[in-house]
Amino acid sequence: MPLQGPQRRLLGSLNSTLPATPYLGLTTNQTEPPCLEVSIPDGLFLSLGLVSLVENVLVVTAIAKNRNLHSPMYYFICCLAVSDLLVSMSNVLEMAILLLLEAGVLATQASVLQQLDNIIDVLICGSMVSSLCFLGSIAVDRYISIFYALRYHSIMMLPRVWRAIVAIWVVSVLSSTLFIAYYNHTAVLLCLVTFFVAMLVLMAVLYVHMLARACQHARGIARLHKRQHPIHQGFGLKGAATLTILLGVFFLCWGPFFLHLSLLILCPQHPTCGCVFKNFKLFLTLILCSAIVDPLIYAFRSQELRKTLQEVLLCSW
């Protein structure tokens with residue numbers, strides 16, 4: 001990845017595939033509409049990264065401390081927190097280095113900066129891939145716990161879970177290394193976009209099926225109590241709201257980034273696509289928001305984990 005000065009984000013591998021065209025600026029041609037670029041202040045970006053960092057460290061600490069949380073589901077949640085932690089840490093580190101370079105506080109050789117650039121890019125890309133994998137793993141774990149409840153412990157045996165976790169981390173590191181090494185190949189971007197779509201479809205199918213089963217179970221209970229409509233409708237609305245939050249957060253936070261990659265494949269030099277490319281930092285900010293929201297959705301809803309977290313915070317004082 002050729003360095004283009006300190007103004008370039010270190011995560012240039014995926015963004016630098018965009019050819020240098022006049023479409024990246026505000027269009028000067030009166031026949032073309034001006035581009036809308038959402039400016040993300042560096043302070044806000046760093047603040048979101050630090051909040052996510054602290055939040056996910058607390059999740060990992062709570063799960064590690066409480067042996068009651070040493071189960072397959074919480075292991076996946078813990079790994080998701082580690083992935084989100086790495087996403088936040090790498091983005092904060094990248095931004096801090098850029099700010100130091102721009103301020104002239106940090107001076108280093110171009111070759112050293114190039115190596116640091118590659119390492120951070122691999123770290124960011126690998127943590128993104130692992131985050132998506134563990135989001136899918138949590139969905140699969142919940143699906144098995146509902147549809148194969150009697151066989152859950154025989155299916156989700158700890159050795160098997162640990163092998164799956166190790167495999168996810170290994171694949172994430174290897175794939176991110178290949179992605180960064182061959183970032184200028186269309187096949188790399190296509191693989192990333194396909195992977196995101198596959199995870200989105202997997203989560204949507206599993207969670208919708210779980211919601212349908214839960215509503216069916218609620219109808220059966222309602223018929224027994226002869227209160228079919230109030231119970232079923234209330235439960236269905238609550239379940240639909242939960243499903244909307246789960247998939248909505250996933251799509252809104254991750255979708256724009258992968259839309260960016262898709263447009264790099266489809267229309268790298270089109271002026272409209274160029275307007276989208278200008279908001280690359282916004283898309284990374286949304287991924288940081290996902291790293292903040294994930295613990296709220298998957299971890300902090302557990303009463304046991306909240307209790308452990310409270311003990312950890314009290315002990316720290």
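Glycine too: its Cβ is placed from the backbone N, Cα and C atoms.
Look at Swiss-Prot and you will find N29 tagged as N-linked glycosylation site, backed by sequence analysis.
Per Swiss-Prot, S-palmitoyl cysteine is recorded for C315, and the stated evidence type is sequence analysis. Other Cβ atoms within 10 Å of the Cβ of C315 (S-palmitoyl cysteine), summed over all protein chains shown, number 8.
Per-residue confidence over the topological domain 'Extracellular' (1-37) averages out at a pLDDT of 45. What Swiss-Prot records for 1-37 (among others) is topological domain 'Extracellular'.
For the topological domain 'Cytoplasmic' (64-72), the DSSP-based tally of helix, strand and coil residues reads 6 helix, 0 strand, 3 coil. Taken from Swiss-Prot, the feature topological domain 'Cytoplasmic' applies to 64-72 (among others).
Swiss-Prot lists 94-118 (among others) with the feature topological domain 'Extracellular', giving sequence analysis as the kind of evidence.
Taken from Swiss-Prot, the feature topological domain 'Cytoplasmic' applies to 141-163 (among others). In terms of DSSP helix, strand and coil, the topological domain 'Cytoplasmic' (141-163) has 20 helix, 0 strand, 3 coil.
For 184-191 (among others), the entry in Swiss-Prot reads topological domain 'Extracellular'.
For 212-240 (among others), the entry in Swiss-Prot reads topological domain 'Cytoplasmic', with the evidence type sequence analysis.
Among the features that Swiss-Prot reports, topological domain 'Extracellular' is placed at 267-279 (among others).
Among the features that Swiss-Prot reports, topological domain 'Cytoplasmic' is placed at 301-317 (among others), with the record citing sequence analysis. Remote same-chain residues near the topological domain 'Cytoplasmic' (301-317) are listed as 58-59, 61-63, 65-66, 68-69, 74 (criterion: CB distance under 8 Å, separation of at least six residues from the stretch ends).
What Swiss-Prot lists as transmembrane segment is 38-63 (among others). Beyond the ends of the transmembrane segment (38-63), by six or more residues, the same chain brings 69-70, 74-75, 77-78, 81-82, 84-85, 87-89, 91-92, 95-96, 99, 279, 281-282, 284-285, 288-289, 291-292, 294-295, 299-300, 305, 308-309, 312-313 to within a C-beta distance below 8 angstroms of the stretch.
Same-chain neighbours of the transmembrane segment (73-93): 11, 45-46, 48-50, 52-53, 56-57, 59-60, 63-64, 120, 123-124, 126-128, 130-131, 134-135, 137-138, 141-142, 145, 161-162, 165, 168-169, 284, 287-288, 290-291, 294-295, 298-299, 302, 305, counting only residues six or more beyond its ends whose CB sits under 8 Å from a CB of the stretch. If you look up Swiss-Prot, you'll see 73-93 (among others) marked as transmembrane segment.
Residues or ranges marked as transmembrane segment by Swiss-Prot on the basis of sequence analysis: 119-140 (among others).
Residues or ranges marked as transmembrane segment in Swiss-Prot (evidence: sequence analysis): 164-183 (among others).
Annotation comment: Swiss-Prot describes 192-211 (among others) as transmembrane segment. Same-chain residues lying 6+ beyond the ends of the transmembrane segment (192-211) with a Cβ under 8 Å from its Cβ atoms: 14, 129, 132-133, 135-136, 139-140, 142-143, 146-147, 179, 239-240, 243, 246-247, 250-251, 254, 258, 261-262, 265.
Annotation comment: Swiss-Prot describes 241-266 (among others) as transmembrane segment, evidence class sequence analysis.
Beyond the ends of the topological domain 'Cytoplasmic' (64-72), by six or more residues, the same chain brings 78, 141, 156, 158, 161, 302, 304-305, 308, 311-312 to within a C-beta distance below 8 angstroms of the stretch. DSSP gives C315 (S-palmitoyl cysteine) a helix state.
When Cβ-Cβ distances below 8 Å are used as the criterion, the topological domain 'Cytoplasmic' (141-163) is approached by residues 72-73, 75-76, 206, 209-210, 213-214 of the same chain, each at least six residues removed from its ends.
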